[in-house]
Amino acid sequence: MGVVGRRNKPAAAGVAVVALIAVVYLLPATTHAQLRVGFYDATCPNAEALVRQAVAAAFARDAGTAAGLIRLHFHDCFVRGCDASVLLTVNPGGGKTEREAAPNNPSLRGFDVIDAAKAAVESACPRTVSCADIVAFAARDSINLAGNLFYAVPAGRRDGRVSNETEALLNLPPPSFTAKELTDRFAAKNLTVEEMVVLSGAHTVGRSFCSSFLDRIWNGSSPIVDSGLSPSYATLLRGLCPWNATQAAPNVTVSMDPGSPDVLDNNYYRLLPRGMGLFFSDNQLRVDPAMAALVTGFAANETLWKTRFAEAMLKMGRIEVQTGRCGEVRRTCGLVNPTSSSFSVELPSVVMSAPDVVEEEGVAASY
Ligand code: HEM
Ligand SMILES: *[C@@H]1O[C@H](CO)[C@@H](O)[C@H](O)[C@H]1NC(C)=O
Ligand SMILES: *[C@@H]1O[C@H](CO)[C@@H](O)[C@H](O)[C@H]1NC(C)=O
Ligand SMILES: *[C@@H]1O[C@H](CO)[C@@H](O)[C@H](O)[C@H]1NC(C)=O
Ligand SMILES: *[C@@H]1O[C@H](CO)[C@@H](O)[C@H](O)[C@H]1NC(C)=O
Ligand SMILES: *[C@@H]1O[C@H](CO)[C@@H](O)[C@H](O)[C@H]1NC(C)=O
(Lines of atoms letter the chains of each structure in order from A and count residues from 1; the text may use other names and numbers.)
(Lines give C-alpha, C1' and ligand atoms only; values in the text may rest on other atoms or scores of the structure.)
(Ligands and ions follow the chains in the order given, each with its own letter.)
Protein backbone atom coordinates (compact mmCIF):
# COMPACT_ATOMS: atom_id res chain seq x y z
CA MET A 1 0.00 0.00 0.00
CA GLY A 2 1.67 3.17 -1.22
CA VAL A 3 0.13 5.46 1.37
CA VAL A 4 2.03 3.79 4.17
CA GLY A 5 5.37 4.69 2.66
CA ARG A 6 4.62 8.40 2.28
CA ARG A 7 6.66 10.37 4.78
CA ASN A 8 5.70 13.74 6.17
CA LYS A 9 7.11 16.15 8.74
CA PRO A 10 6.76 15.13 12.40
CA ALA A 11 3.13 15.63 13.32
CA ALA A 12 1.23 16.17 16.53
CA ALA A 13 1.42 13.34 19.06
CA GLY A 14 -2.23 12.34 18.60
CA VAL A 15 -1.83 11.99 14.88
CA ALA A 16 1.37 10.01 15.41
CA VAL A 17 -0.40 7.45 17.60
CA VAL A 18 -3.30 7.11 15.18
CA ALA A 19 -0.89 6.73 12.29
CA LEU A 20 1.19 4.15 14.12
CA ILE A 21 -1.82 2.09 15.02
CA ALA A 22 -2.88 2.29 11.40
CA VAL A 23 0.54 1.05 10.31
CA VAL A 24 0.57 -1.73 12.88
CA TYR A 25 -2.81 -2.95 11.66
CA LEU A 26 -2.28 -2.44 7.96
CA LEU A 27 1.05 -4.20 7.64
CA PRO A 28 -0.02 -7.76 8.35
CA ALA A 29 -3.06 -7.32 6.12
CA THR A 30 -1.02 -6.09 3.18
CA THR A 31 1.88 -8.51 3.59
CA HIS A 32 1.16 -11.71 1.70
CA ALA A 33 1.17 -14.17 4.59
CA GLN A 34 2.24 -17.67 3.66
CA LEU A 35 1.62 -21.06 5.15
CA ARG A 36 4.64 -22.33 7.01
CA VAL A 37 5.82 -25.66 8.43
CA GLY A 38 6.13 -25.34 12.20
CA PHE A 39 3.63 -22.46 12.34
CA TYR A 40 2.62 -23.41 15.91
CA ASP A 41 6.14 -24.19 17.20
CA ALA A 42 6.15 -21.12 19.45
CA THR A 43 2.45 -20.67 20.17
CA CYS A 44 1.31 -24.28 20.59
CA PRO A 45 4.24 -26.67 20.34
CA ASN A 46 2.09 -29.76 20.99
CA ALA A 47 -0.59 -28.92 18.45
CA GLU A 48 0.40 -31.47 15.83
CA ALA A 49 1.08 -34.20 18.40
CA LEU A 50 -2.35 -33.66 19.97
CA VAL A 51 -4.09 -33.88 16.62
CA ARG A 52 -2.16 -37.01 15.79
CA GLN A 53 -3.18 -38.56 19.12
CA ALA A 54 -6.85 -37.93 18.42
CA VAL A 55 -6.58 -39.35 14.91
CA ALA A 56 -4.60 -42.40 16.05
CA ALA A 57 -7.12 -43.16 18.80
CA ALA A 58 -10.02 -42.98 16.35
CA PHE A 59 -8.11 -45.01 13.76
CA ALA A 60 -7.48 -47.73 16.35
CA ARG A 61 -11.23 -47.99 16.94
CA ASP A 62 -12.16 -47.77 13.25
CA ALA A 63 -9.61 -47.79 10.45
CA GLY A 64 -12.19 -46.19 8.16
CA THR A 65 -11.51 -42.97 10.03
CA ALA A 66 -8.48 -42.40 7.79
CA ALA A 67 -10.57 -42.43 4.62
CA GLY A 68 -13.11 -40.10 6.19
CA LEU A 69 -10.49 -37.54 7.21
CA ILE A 70 -8.68 -37.57 3.86
CA ARG A 71 -11.96 -36.87 2.08
CA LEU A 72 -12.90 -34.22 4.65
CA HIS A 73 -9.79 -32.20 3.72
CA PHE A 74 -10.59 -32.54 0.00
CA HIS A 75 -14.18 -31.43 0.49
CA ASP A 76 -13.06 -28.53 2.67
CA CYS A 77 -10.44 -27.26 0.22
CA PHE A 78 -12.64 -27.44 -2.88
CA VAL A 79 -15.30 -25.17 -1.41
CA ARG A 80 -14.13 -21.67 -0.39
CA GLY A 81 -10.60 -22.99 0.04
CA CYS A 82 -9.21 -24.88 3.03
CA ASP A 83 -11.04 -22.83 5.66
CA ALA A 84 -12.94 -25.47 7.63
CA SER A 85 -16.20 -24.20 6.09
CA VAL A 86 -17.21 -27.85 5.67
CA LEU A 87 -17.36 -28.24 9.46
CA LEU A 88 -19.91 -25.50 10.13
CA THR A 89 -23.29 -26.67 11.36
CA VAL A 90 -24.90 -23.28 11.01
CA ASN A 91 -24.51 -20.70 8.26
CA PRO A 92 -24.65 -17.25 9.87
CA GLY A 93 -25.89 -15.89 6.52
CA GLY A 94 -28.83 -18.28 6.61
CA GLY A 95 -29.59 -21.21 4.33
CA LYS A 96 -28.20 -24.72 4.35
CA THR A 97 -24.53 -25.48 4.98
CA GLU A 98 -21.93 -27.38 2.94
CA ARG A 99 -22.20 -30.14 5.45
CA GLU A 100 -25.88 -30.62 4.56
CA ALA A 101 -25.19 -30.78 0.81
CA ALA A 102 -25.74 -34.12 -0.95
CA PRO A 103 -22.02 -34.81 -1.60
CA ASN A 104 -21.39 -34.52 2.14
CA ASN A 105 -24.58 -35.74 3.78
CA PRO A 106 -24.69 -38.47 4.98
CA SER A 107 -21.40 -39.79 3.60
CA LEU A 108 -18.81 -37.39 5.02
CA ARG A 109 -17.35 -38.61 8.31
CA GLY A 110 -14.65 -37.74 10.82
CA PHE A 111 -16.33 -34.67 12.34
CA ASP A 112 -16.16 -36.25 15.79
CA VAL A 113 -12.40 -36.82 15.41
CA ILE A 114 -11.84 -33.17 14.45
CA ASP A 115 -13.92 -32.10 17.45
CA ALA A 116 -11.85 -34.31 19.76
CA ALA A 117 -8.59 -32.94 18.32
CA LYS A 118 -9.89 -29.38 18.65
CA ALA A 119 -10.88 -29.96 22.29
CA ALA A 120 -7.37 -31.23 23.02
CA VAL A 121 -5.59 -28.27 21.39
CA GLU A 122 -8.00 -25.75 22.91
CA SER A 123 -7.24 -27.01 26.39
CA ALA A 124 -3.49 -26.88 25.71
CA CYS A 125 -3.50 -23.49 23.94
CA PRO A 126 -6.84 -21.70 23.74
CA ARG A 127 -7.83 -19.82 20.55
CA THR A 128 -4.59 -20.56 18.75
CA VAL A 129 -4.96 -23.45 16.34
CA SER A 130 -7.43 -23.11 13.47
CA CYS A 131 -9.88 -25.84 12.56
CA ALA A 132 -8.67 -25.64 8.95
CA ASP A 133 -5.13 -26.54 10.06
CA ILE A 134 -6.49 -29.35 12.25
CA VAL A 135 -8.26 -30.80 9.20
CA ALA A 136 -5.03 -30.59 7.16
CA PHE A 137 -2.97 -32.20 9.95
CA ALA A 138 -5.60 -34.92 10.44
CA ALA A 139 -5.59 -35.80 6.73
CA ARG A 140 -1.80 -36.05 6.80
CA ASP A 141 -1.90 -38.23 9.92
CA SER A 142 -4.51 -40.45 8.28
CA ILE A 143 -2.30 -40.88 5.24
CA ASN A 144 0.56 -41.73 7.56
CA LEU A 145 -1.45 -44.31 9.49
CA ALA A 146 -3.05 -45.92 6.44
CA GLY A 147 -0.15 -45.57 4.04
CA ASN A 148 3.05 -45.21 6.05
CA LEU A 149 3.69 -42.01 4.13
CA PHE A 150 4.68 -38.77 5.84
CA TYR A 151 4.85 -35.15 4.74
CA ALA A 152 5.25 -31.94 6.71
CA VAL A 153 2.15 -29.73 6.58
CA PRO A 154 2.64 -25.97 6.20
CA ALA A 155 0.13 -24.31 8.54
CA GLY A 156 -1.36 -20.92 9.30
CA ARG A 157 -4.75 -21.38 7.66
CA ARG A 158 -7.57 -19.30 9.12
CA ASP A 159 -11.16 -20.39 9.50
CA GLY A 160 -13.95 -19.00 7.33
CA ARG A 161 -17.30 -17.65 8.46
CA VAL A 162 -19.48 -18.84 5.58
CA SER A 163 -20.76 -22.26 4.61
CA ASN A 164 -23.14 -22.56 1.69
CA GLU A 165 -24.83 -25.71 0.40
CA THR A 166 -25.01 -24.46 -3.20
CA GLU A 167 -21.28 -23.82 -3.31
CA ALA A 168 -20.61 -27.44 -2.31
CA LEU A 169 -22.81 -28.61 -5.20
CA LEU A 170 -21.07 -26.25 -7.64
CA ASN A 171 -17.50 -27.19 -6.68
CA LEU A 172 -17.40 -30.84 -5.64
CA PRO A 173 -17.25 -33.34 -8.52
CA PRO A 174 -20.07 -35.93 -8.55
CA PRO A 175 -19.38 -39.58 -9.46
CA SER A 176 -21.34 -39.15 -12.71
CA PHE A 177 -18.73 -36.79 -14.20
CA THR A 178 -16.87 -37.41 -17.46
CA ALA A 179 -13.09 -37.03 -17.85
CA LYS A 180 -13.59 -33.55 -19.28
CA GLU A 181 -15.90 -32.44 -16.49
CA LEU A 182 -13.52 -33.81 -13.85
CA THR A 183 -10.58 -32.03 -15.50
CA ASP A 184 -12.50 -28.74 -15.48
CA ARG A 185 -13.45 -28.98 -11.81
CA PHE A 186 -9.84 -29.62 -10.82
CA ALA A 187 -8.55 -26.94 -13.20
CA ALA A 188 -10.87 -24.49 -11.44
CA LYS A 189 -8.69 -25.14 -8.37
CA ASN A 190 -5.46 -24.91 -10.39
CA LEU A 191 -4.92 -28.64 -10.18
CA THR A 192 -3.58 -30.40 -13.29
CA VAL A 193 -4.86 -33.55 -14.97
CA GLU A 194 -1.96 -35.46 -13.44
CA GLU A 195 -2.76 -34.12 -9.97
CA MET A 196 -6.38 -35.11 -10.48
CA VAL A 197 -5.36 -38.67 -11.40
CA VAL A 198 -2.92 -38.77 -8.48
CA LEU A 199 -5.47 -37.54 -5.94
CA SER A 200 -8.11 -39.96 -7.18
CA GLY A 201 -5.84 -42.72 -5.86
CA ALA A 202 -7.30 -41.83 -2.46
CA HIS A 203 -10.15 -44.10 -3.53
CA THR A 204 -7.91 -46.97 -2.49
CA VAL A 205 -9.31 -46.45 1.00
CA GLY A 206 -12.83 -46.07 2.26
CA ARG A 207 -16.31 -46.85 1.21
CA SER A 208 -19.34 -45.64 -0.67
CA PHE A 209 -23.05 -45.77 -0.14
CA CYS A 210 -24.95 -47.64 -2.88
CA SER A 211 -26.52 -44.50 -4.31
CA SER A 212 -23.23 -43.32 -5.83
CA PHE A 213 -23.03 -46.22 -8.30
CA LEU A 214 -26.54 -47.73 -8.38
CA ASP A 215 -27.19 -46.55 -11.95
CA ARG A 216 -24.17 -48.56 -13.13
CA ILE A 217 -25.73 -51.86 -12.04
CA TRP A 218 -29.50 -51.30 -12.18
CA ASN A 219 -31.89 -49.71 -14.64
CA GLY A 220 -34.96 -49.46 -12.43
CA SER A 221 -35.33 -53.05 -11.19
CA SER A 222 -33.52 -54.55 -14.23
CA PRO A 223 -29.87 -55.54 -13.91
CA ILE A 224 -27.48 -53.73 -16.26
CA VAL A 225 -23.70 -53.54 -16.52
CA ASP A 226 -22.26 -50.14 -17.25
CA SER A 227 -19.49 -50.30 -19.84
CA GLY A 228 -16.24 -50.20 -17.94
CA LEU A 229 -17.60 -52.30 -15.12
CA SER A 230 -16.62 -55.96 -14.91
CA PRO A 231 -19.76 -58.19 -15.14
CA SER A 232 -18.70 -60.33 -12.18
CA TYR A 233 -18.00 -57.23 -10.08
CA ALA A 234 -21.41 -55.86 -11.10
CA THR A 235 -23.05 -59.09 -9.92
CA LEU A 236 -21.25 -58.85 -6.60
CA LEU A 237 -22.33 -55.21 -6.21
CA ARG A 238 -25.95 -56.08 -7.05
CA GLY A 239 -25.90 -58.58 -4.21
CA LEU A 240 -24.94 -55.82 -1.80
CA CYS A 241 -27.08 -53.07 -3.26
CA PRO A 242 -30.63 -54.03 -4.36
CA TRP A 243 -32.27 -51.91 -7.08
CA ASN A 244 -34.25 -50.01 -4.45
CA ALA A 245 -31.22 -49.64 -2.15
CA THR A 246 -31.98 -45.98 -1.53
CA GLN A 247 -35.06 -47.10 0.42
CA ALA A 248 -34.30 -50.74 1.21
CA ALA A 249 -30.59 -50.47 2.08
CA PRO A 250 -29.93 -46.82 2.88
CA ASN A 251 -27.09 -47.60 5.26
CA VAL A 252 -25.25 -50.21 3.22
CA THR A 253 -21.74 -49.21 2.17
CA VAL A 254 -19.29 -50.90 -0.19
CA SER A 255 -15.50 -50.78 0.00
CA MET A 256 -13.97 -48.98 -2.95
CA ASP A 257 -10.89 -51.24 -2.84
CA PRO A 258 -12.40 -54.56 -1.67
CA GLY A 259 -9.00 -56.24 -1.20
CA SER A 260 -7.51 -53.70 1.22
CA PRO A 261 -10.05 -50.99 2.07
CA ASP A 262 -7.99 -49.60 4.95
CA VAL A 263 -4.59 -49.54 3.28
CA LEU A 264 -3.38 -46.60 1.25
CA ASP A 265 -1.66 -48.48 -1.57
CA ASN A 266 -1.72 -48.20 -5.37
CA ASN A 267 -4.44 -50.83 -5.77
CA TYR A 268 -6.87 -48.25 -7.14
CA TYR A 269 -4.80 -48.06 -10.32
CA ARG A 270 -4.58 -51.84 -10.59
CA LEU A 271 -8.35 -52.25 -10.19
CA LEU A 272 -9.31 -49.71 -12.87
CA PRO A 273 -8.09 -51.78 -15.89
CA ARG A 274 -9.98 -54.78 -14.45
CA GLY A 275 -13.29 -52.93 -14.58
CA MET A 276 -13.34 -52.50 -10.83
CA GLY A 277 -13.41 -48.76 -10.52
CA LEU A 278 -16.54 -48.29 -8.42
CA PHE A 279 -17.76 -45.00 -9.87
CA PHE A 280 -18.41 -43.96 -13.45
CA SER A 281 -15.93 -41.13 -12.73
CA ASP A 282 -13.25 -43.62 -11.63
CA ASN A 283 -13.57 -45.48 -14.90
CA GLN A 284 -13.19 -42.23 -16.85
CA LEU A 285 -9.53 -42.28 -15.84
CA ARG A 286 -8.95 -45.25 -18.08
CA VAL A 287 -11.16 -44.07 -20.93
CA ASP A 288 -9.14 -40.89 -21.44
CA PRO A 289 -5.80 -41.88 -23.06
CA ALA A 290 -3.63 -39.30 -21.26
CA MET A 291 -5.14 -40.26 -17.91
CA ALA A 292 -4.87 -43.97 -18.73
CA ALA A 293 -1.13 -43.62 -19.28
CA LEU A 294 -0.78 -42.10 -15.82
CA VAL A 295 -2.92 -44.87 -14.35
CA THR A 296 -0.61 -47.49 -15.90
CA GLY A 297 2.44 -45.73 -14.47
CA PHE A 298 1.02 -45.55 -10.94
CA ALA A 299 -0.15 -49.16 -11.11
CA ALA A 300 3.41 -50.18 -11.95
CA ASN A 301 5.18 -48.02 -9.37
CA GLU A 302 3.67 -47.46 -5.94
CA THR A 303 6.61 -45.34 -4.76
CA LEU A 304 6.06 -43.00 -7.67
CA TRP A 305 2.37 -42.64 -6.84
CA LYS A 306 3.00 -42.05 -3.12
CA THR A 307 5.57 -39.36 -3.85
CA ARG A 308 3.19 -37.58 -6.20
CA PHE A 309 0.27 -38.09 -3.83
CA ALA A 310 2.04 -36.31 -0.97
CA GLU A 311 2.95 -33.42 -3.31
CA ALA A 312 -0.59 -33.15 -4.65
CA MET A 313 -2.10 -33.21 -1.14
CA LEU A 314 0.21 -30.33 -0.21
CA LYS A 315 -0.91 -28.36 -3.24
CA MET A 316 -4.56 -29.11 -2.51
CA GLY A 317 -3.98 -27.92 1.06
CA ARG A 318 -3.03 -24.45 -0.22
CA ILE A 319 -6.17 -23.81 -2.27
CA GLU A 320 -7.53 -20.31 -1.59
CA VAL A 321 -6.30 -20.32 2.01
CA GLN A 322 -6.91 -17.35 4.27
CA THR A 323 -3.88 -16.35 6.32
CA GLY A 324 -2.61 -13.55 8.52
CA ARG A 325 -5.48 -11.43 9.76
CA CYS A 326 -8.11 -12.81 7.36
CA GLY A 327 -10.74 -15.11 8.80
CA GLU A 328 -10.56 -16.23 12.40
CA VAL A 329 -9.46 -19.05 14.67
CA ARG A 330 -12.75 -20.69 15.52
CA ARG A 331 -13.27 -21.72 19.14
CA THR A 332 -15.62 -24.55 18.22
CA CYS A 333 -15.17 -26.13 14.82
CA GLY A 334 -18.89 -26.40 14.12
CA LEU A 335 -19.67 -22.73 14.79
CA VAL A 336 -18.25 -19.36 13.81
CA ASN A 337 -17.09 -17.19 16.71
CA PRO A 338 -19.59 -14.74 18.22
CA THR A 339 -19.57 -11.61 16.05
CA SER A 340 -18.63 -9.24 18.87
CA SER A 341 -15.27 -10.94 19.41
CA SER A 342 -14.41 -11.25 15.75
CA PHE A 343 -14.82 -7.53 15.16
CA SER A 344 -13.34 -6.23 18.40
CA VAL A 345 -9.85 -4.83 17.95
CA GLU A 346 -7.43 -5.05 20.82
CA LEU A 347 -5.13 -2.05 20.75
CA PRO A 348 -1.44 -2.69 21.32
CA SER A 349 -0.59 -2.00 24.96
CA VAL A 350 2.73 -0.38 24.14
CA VAL A 351 3.12 2.18 21.39
CA MET A 352 6.69 2.52 20.21
CA SER A 353 8.22 5.95 20.09
CA ALA A 354 7.94 7.47 16.67
CA PRO A 355 10.71 9.85 15.70
CA ASP A 356 9.71 10.12 12.08
CA VAL A 357 6.07 9.47 11.71
CA VAL A 358 3.97 8.30 8.85
CA GLU A 359 0.84 10.35 8.48
CA GLU A 360 -2.25 9.30 6.67
CA GLU A 361 -5.53 11.05 7.25
CA GLY A 362 -8.56 8.83 6.98
CA VAL A 363 -6.71 5.58 7.61
CA ALA A 364 -8.03 5.24 11.12
CA ALA A 365 -11.54 5.38 9.71
CA SER A 366 -11.00 2.14 7.85
CA TYR A 367 -10.66 0.27 11.12
C1 HEM B 1 -12.04 -37.09 -9.02
C2 HEM B 1 -13.21 -36.76 -8.53
C3 HEM B 1 -13.84 -37.44 -7.36
C4 HEM B 1 -15.10 -37.94 -7.32
C5 HEM B 1 -16.14 -37.87 -8.43
C6 HEM B 1 -15.28 -38.55 -6.02
C7 HEM B 1 -16.44 -39.14 -5.58
C8 HEM B 1 -16.56 -39.85 -4.41
C9 HEM B 1 -17.77 -40.52 -3.98
C10 HEM B 1 -19.09 -40.50 -4.73
C11 HEM B 1 -17.49 -41.14 -2.82
C12 HEM B 1 -18.43 -41.99 -2.00
C13 HEM B 1 -19.46 -41.16 -1.31
C14 HEM B 1 -20.55 -42.05 -0.75
O15 HEM B 1 -20.38 -42.66 0.30
O16 HEM B 1 -21.57 -42.18 -1.42
C17 HEM B 1 -16.11 -40.88 -2.51
C18 HEM B 1 -15.45 -41.37 -1.41
C19 HEM B 1 -14.15 -41.03 -1.08
N20 HEM B 1 -13.36 -40.12 -1.74
FE21 HEM B 1 -13.72 -39.30 -3.54
N22 HEM B 1 -14.12 -38.40 -5.31
C23 HEM B 1 -13.22 -37.74 -6.09
C24 HEM B 1 -11.94 -37.35 -5.71
C25 HEM B 1 -11.40 -37.58 -4.48
C26 HEM B 1 -10.20 -36.97 -3.98
C27 HEM B 1 -9.37 -35.92 -4.73
C28 HEM B 1 -9.98 -37.48 -2.74
C29 HEM B 1 -8.88 -37.16 -1.75
C30 HEM B 1 -7.69 -36.74 -2.07
C31 HEM B 1 -11.03 -38.41 -2.47
C32 HEM B 1 -11.13 -39.19 -1.35
C33 HEM B 1 -12.18 -40.04 -1.07
C34 HEM B 1 -12.17 -40.96 0.04
C35 HEM B 1 -11.02 -41.23 0.98
C36 HEM B 1 -13.43 -41.58 0.03
C37 HEM B 1 -13.94 -42.60 1.04
C38 HEM B 1 -14.58 -41.85 2.19
C39 HEM B 1 -15.02 -42.70 3.37
O40 HEM B 1 -14.77 -43.90 3.39
O41 HEM B 1 -15.60 -42.12 4.29
N42 HEM B 1 -11.90 -38.42 -3.52
N43 HEM B 1 -15.57 -40.07 -3.49
C1 LIG C 1 -25.02 -19.51 -1.61
O2 LIG C 1 -24.30 -19.46 -2.83
C3 LIG C 1 -25.13 -19.28 -3.95
C4 LIG C 1 -24.26 -19.49 -5.19
O5 LIG C 1 -23.11 -18.70 -5.14
C6 LIG C 1 -25.79 -17.92 -3.87
O7 LIG C 1 -26.62 -17.71 -4.98
C8 LIG C 1 -26.60 -17.85 -2.59
O9 LIG C 1 -27.13 -16.57 -2.42
C10 LIG C 1 -25.77 -18.21 -1.37
N11 LIG C 1 -26.62 -18.36 -0.21
C12 LIG C 1 -26.43 -17.69 0.93
C13 LIG C 1 -27.40 -17.96 2.02
O14 LIG C 1 -25.52 -16.91 1.09
C1 LIG D 1 -5.40 -20.14 -9.68
O2 LIG D 1 -4.30 -19.37 -10.15
C3 LIG D 1 -4.67 -18.05 -10.56
C4 LIG D 1 -3.46 -17.40 -11.16
O5 LIG D 1 -2.35 -17.54 -10.33
C6 LIG D 1 -5.23 -17.30 -9.34
O7 LIG D 1 -5.63 -16.02 -9.71
C8 LIG D 1 -6.42 -18.06 -8.78
O9 LIG D 1 -6.89 -17.42 -7.61
C10 LIG D 1 -6.04 -19.48 -8.47
N11 LIG D 1 -7.23 -20.21 -8.07
C12 LIG D 1 -7.25 -21.02 -7.02
C13 LIG D 1 -8.53 -21.70 -6.77
O14 LIG D 1 -6.29 -21.21 -6.31
C1 LIG E 1 -37.16 -53.51 -2.48
O2 LIG E 1 -37.32 -54.46 -3.53
C3 LIG E 1 -37.52 -55.78 -3.06
C4 LIG E 1 -37.42 -56.73 -4.27
O5 LIG E 1 -37.92 -56.14 -5.44
C6 LIG E 1 -38.83 -55.87 -2.33
O7 LIG E 1 -39.07 -57.17 -1.84
C8 LIG E 1 -38.79 -54.90 -1.15
O9 LIG E 1 -40.03 -54.83 -0.50
C10 LIG E 1 -38.41 -53.48 -1.62
N11 LIG E 1 -38.17 -52.68 -0.44
C12 LIG E 1 -38.54 -51.41 -0.35
C13 LIG E 1 -38.25 -50.71 0.94
O14 LIG E 1 -39.04 -50.82 -1.27
C1 LIG F 1 -29.96 -46.26 8.91
O2 LIG F 1 -29.21 -45.52 9.86
C3 LIG F 1 -29.99 -44.53 10.50
C4 LIG F 1 -29.05 -43.70 11.35
O5 LIG F 1 -28.21 -44.52 12.10
C6 LIG F 1 -31.07 -45.22 11.32
O7 LIG F 1 -31.87 -44.23 11.96
C8 LIG F 1 -31.94 -46.02 10.38
O9 LIG F 1 -32.89 -46.77 11.13
C10 LIG F 1 -31.11 -46.98 9.55
N11 LIG F 1 -31.95 -47.56 8.52
C12 LIG F 1 -31.97 -48.87 8.26
C13 LIG F 1 -32.90 -49.31 7.18
O14 LIG F 1 -31.24 -49.67 8.83
C1 LIG G 1 9.52 -45.73 -9.22
O2 LIG G 1 9.44 -44.37 -8.92
C3 LIG G 1 10.48 -43.92 -8.09
C4 LIG G 1 10.14 -42.51 -7.62
O5 LIG G 1 9.93 -41.66 -8.71
C6 LIG G 1 11.78 -44.03 -8.86
O7 LIG G 1 12.84 -43.57 -8.07
C8 LIG G 1 12.00 -45.48 -9.24
O9 LIG G 1 13.14 -45.59 -10.06
C10 LIG G 1 10.79 -46.04 -9.97
N11 LIG G 1 10.95 -47.47 -10.08
C12 LIG G 1 10.84 -48.09 -11.23
C13 LIG G 1 10.99 -49.58 -11.19
O14 LIG G 1 10.65 -47.52 -12.30
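Cβ atoms are placed via backbone N, Cα and C, with glycine included.
Feature annotations, reproduced from TrEMBL:
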ACT_SITE  H75  active site, proton acceptor
BINDING   H203  heme b binding site
BINDING   T204, D257, D265  Ca(2+) 2 binding site
DISULFID  C44-C125  disulfide bond
DISULFID  C77-C82  disulfide bond
DISULFID  C131-C333  disulfide bond
DISULFID  C210-C241  disulfide bond
DOMAIN    34-337  domain 'Plant heme peroxidase family profile'
SITE      R71  site 'Transition state stabilizer'
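Location within the structure of each feature annotated in TrEMBL.
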{"residue": "C44", "record": "disulfide bond", "Cβ within 10 Å": "17"}
{"residue": "R71", "record": "site 'Transition state stabilizer'", "Cβ within 10 Å": "23"}
{"residue": "C77", "record": "disulfide bond", "Cβ within 10 Å": "29"}
{"residue": "C82", "record": "disulfide bond", "Cβ within 10 Å": "30"}
{"residue": "C125", "record": "disulfide bond", "Cβ within 10 Å": "15"}
{"residue": "C131", "record": "disulfide bond", "Cβ within 10 Å": "30"}
{"residue": "H203", "record": "heme b binding site", "Cβ within 10 Å": "24"}
{"residue": "C210", "record": "disulfide bond", "Cβ within 10 Å": "24"}
{"residue": "D265", "record": "Ca(2+) 2 binding site", "Cβ within 10 Å": "19"}
{"residue": "C333", "record": "disulfide bond", "Cβ within 10 Å": "23"}
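Of the candidate recorded positions, C125, C241, D257, the one lying closest to R71 (site 'Transition state stabilizer') when CA atoms are compared is D257. Reduced to three states, the DSSP call for T204 (Ca(2+) 2 binding site) is helix. In the three-state DSSP assignment, the secondary structure recorded for C210 (disulfide bond) is helix.
Taking CA atoms as the reference points, C125 (disulfide bond) and C131 (disulfide bond) are 13 Å apart. Put simply, H75 is the one of the recorded positions C44, H75, C77, C82 whose Cα lies nearest to the Cα of C210 (disulfide bond).
Sequence-distant contacts of C241 (disulfide bond), defined as residues of its own chain at least six apart whose C-beta falls under 8 angstroms from its C-beta, comprise C210, F213, L214, I217, W218, A249, V252, V254. Here the C-alpha separation of the residue listed as 'active site, proton acceptor' and T204 (Ca(2+) 2 binding site) works out to 17 Å. Compute the center of the Cβ atoms of T204, D257, D265, which mark the site for Ca(2+) 2; besides them, the chain residues with Cβ within 8 Å of that center are G201, H203, V205, M256, G259, S260, P261, V263, L264, N266, N267, Y268, L271. Within the set of binding-site residues T204, D257, D265, the entry lying nearest in space to C333 (disulfide bond) is T204 (CA atoms).
Same-chain residues at least 6 positions away in sequence with a Cβ under 8 Å from that of T204 (Ca(2+) 2 binding site) are, in sequence order, M256, D257, S260, V263, L264, D265, N266, N267, Y268. The Cα atom of C77 (disulfide bond) lies nearest to that of C131, taking the recorded positions C44, C131, H203 as the candidates.
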